[in-house]
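Heads up, the thing below is written out as structure tokens.
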Amino acid sequence: MSPWFWLFVSLSLLGQSSASNPKRDYITTETYDFIIVGGGTAGLAVASRISVGLPASSMLVIEAGPDGRNESRIFIPGRKGSTLGTKYDWNFTTVAQPNANNRVFPQNRGKVLGGSSALNLMTWDRTSVAELNAWEKIGNTGWNWKSLYPAMLKVERFQPSRAYGKAGVGHFGPIQTLINRIFPPHQSTWIPTLNRLGLPGNRESLDGNPIGVSTQPTNVDPRGYVRSYAPEYLKLTEDNLTVKMDTRVARINFNGTTAIGVTLEDGTFVGCRKEVIISAGSFQSPGLLELSGIGNRTILENYGIEVIQDLPSVGENLQDHIRIQSSYQLKPNYQSFDALKNTTRAAIELALYNAGQVSLYDYTASGYAYMGWKTVSNDTATKLRAIVEGDETLTSVTDRVKKSYLSPPLSDSVPQAEVIFSDGYTGLKGYPAANSSLFGIGTFSLIGVVQHPLSKGNVHINSTSINAKPTINPNYLSHPYDLQAAIAVAKYLRKIATAEPMAQVWTTEYEPGTAVQTDDDWKAFVLANTLSIYHPIGTCAMLPKKDGGVVNPSLKVYGTKSLRVVDASVIPLLPSAHLQTLVYGIAERAAEMIINEYQ
């Protein structure tokens with residue numbers, strides 16, 4: 001586009017802004033080749049790679065939050081979770097969920113450089129071959145295990161360990177991964193117990209065959225033993241990349257249906273010669289599209305937004321993993337991560353950490369198990385399959401894929417449940433208060449996750465103001481399969497804990513407690529205690545437009561030009577894994593496509 005075009009755009013926006021923002025006397029206009037909205041997991045990865053691959057191009061990353069690289073609550077592994085609910089978190093919540101006792105669920109998302117990779121609990125795992133191959137089968141040409149696996153390996157630099165084999169890990173990427181150097185002694189019961197329950201060990205769980213019980217890597221850098229996350233990508237970049245932090249985008253600007261830049265919250269217009277790339281996440285990427293005139297016409301017109309492209313699937317297809325947890329009081333001779341609740345002990349451990357010595361602050365969960373329903377029990381597998389096969393409403397392309405996972409041969413290779421061994425207390429009951437006689441007990445928790453829930457929801461704007469939080473409705477437990485699956489997982493957690501040798505390390509089931517026995521008890525417990533594990537996907541789904549897609553296999557938004565979405569919102573189906581390795585892999589693949597297009 002010619003310089004005269006940008007002068008025209010600048011003058012036009014100047015007039016528009018003066019009317020809508022009378023406190024501003026002028027507009028400053030910058031122009032970049034690429035604008036990446038969101039400096040999170042995907043945003044920093046895609047921006048950094050295209051910075052290197054297209055050195056003659058300029059790019060701008062716009063991040064709403066601050067730089068948290070010097071924040072100890074972010075970089076110290078053992079402080080994982082302590083930033084949830086802080087200034088580094090968007091602090092979103094759902095609407096009341098009628099199928100879960102009308103509870104409002106937290107929906108934590110990173111508002112900081114690195115996004116949710118700065119806030120997550122550092123699980124580093126991988127989904128199955130069949131699940132990624134399904135993406136191509138439902139209409140996404142070129143998206144399969146063969147293409148995504150090398151993209152994911154490109155992300156990581158794994159430190160070899162005797163606890164893990166050789167397959168499934170990368171060795172040359174910017175994100176450092178390792179097997180944790182601290183293991184609570186009671187975790188030694190983890191693998192033997194699951195083995196006795198019929199689940200084999202898996203020493204190479206990231207190679208596309210995750211079924212089994214394992215010790216898995218975590219994204220920690222052995223140099224200083226700190227969180228290794230998305231800002232590491234910035235070390236790869238050239239001088240052609242600029243990052244603006246504490247800056248929000250109000251809308252994308254268009255010439256017809258071609259994206260030409262963005263307007264910031266203060267009214268500043270920033271021009272774009274080649275592409276705007278949205279990497280704002282599953283809750284905010286669809287919202288930014290809607291605020292910019294792309295989405296369901298009825299919703300847009302209700303807020304007086306000019307319709308650039310009527311795309312009803314924007315914000316739909318929201319899927320999320322659900323979790324349930326139980327906790328067990330350890331025998332007194334077993335030390336737990338709960339020791340850090342004692343301020344004196346915490347200070348000692350922090351001093352050890354700061355001195356570079358082994359400390360409780362090193363700890364991240366590393367015990368994982370993935371399984372099909374038959375491992376839980378044959379009766380469970382039969383019951384849950386019957387619920388799904390008997391539901392004639394499951395007709396969408398994504399629903400049909402999920403149904404196929406419950407029948408042979410896929411039922412033997414695609415996990416349906418995950419269990420995490422986590423040292424220390426996790427749950428809704430709460431750790432004993434400081435004035436309680438139980439304060440100071442050691443606990444461990446088992447966290448069960450349903451991998452392919454059938455409930456779907458949506459997220460939409462509820463105002464034209466970017467300061468208004470989105471309306472998030474995942475419809476948790478709205479499908480009967482999800483409720484019965486969560487009950488089955490909750491029961492299985494007790495089965496694990498009471499099996500040998502794990503049964504030898506604890507004395508009391510702290511949560512849910514032995515009062516929960518009958519089917520009605522378990523149902524009530526699940527309805528009151530099911531939570532999200534914070535894996536929202538699908539709200540800008542990569543699917544054929546007729547099947548509810550928002551982006552095509554090039555990640556370009558249907559009906560537009562020069563506009564892509566690169567983040568978890570494009571994932572069409574929930575994987576049987578945590579999200580971060582897959583999101584990085586999507587960003588790596590997107591960067592390859594962009595570089596090839598503009599070289």
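Don't overthink the numbers, they just go from 1 along the chain as shown.
Placed from the backbone N, Cα and C atoms, the Cβ positions cover glycine too.
Look at TrEMBL and you will find His535 tagged as active site, proton donor. Taking Cβ-Cβ distances under 8 Å and a sequence separation of 6 or more, the neighbours of His535 (active site, proton donor) in its chain are Asp320, His321, Ala568, Leu574, His578, Leu579.
What TrEMBL records for His578 is active site, proton acceptor.
For Val249 (FAD binding site), the same-chain residues that are 6 or more apart in sequence and have a Cβ closer than 8 Å to its Cβ are Val37, Ile62, Val262, Thr263, Leu264, Glu265, Ala280, Leu288, Ile466. Positions annotated as FAD binding site by TrEMBL: Val112, Val249.
Annotation comment: TrEMBL describes 281-295 as domain 'Glucose-methanol-choline oxidoreductase N-terminal'. Sequence-distant neighbours of the domain 'Glucose-methanol-choline oxidoreductase N-terminal' (281-295) (same chain, 6+ residues past either end, Cβ-Cβ under 8 Å): 37-38, 40, 90, 92, 107, 109, 115-116, 249-254, 305-312, 314-315, 318, 459-461, 464, 466, 470, 472, 536-540, 550, 557, 559-560, 565, 567-569.
Under the heading signal peptide, TrEMBL lists 1-19.
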When the pLDDT values for the domain 'Glucose-methanol-choline oxidoreductase N-terminal' (281-295) are averaged, what is the result? 98
Tertiary neighbours of Val112 (FAD binding site) (same chain, Cβ under 8 Å, six or more apart): Glu63, Gly65, Pro66, Asp67, Gly68, Glu71, Ile74, Thr83, Tyr88, Ala118, Leu119
Using DSSP three-state counts, the residues of the domain 'Glucose-methanol-choline oxidoreductase N-terminal' (281-295) come to 7 helix, 2 strand, 6 coil
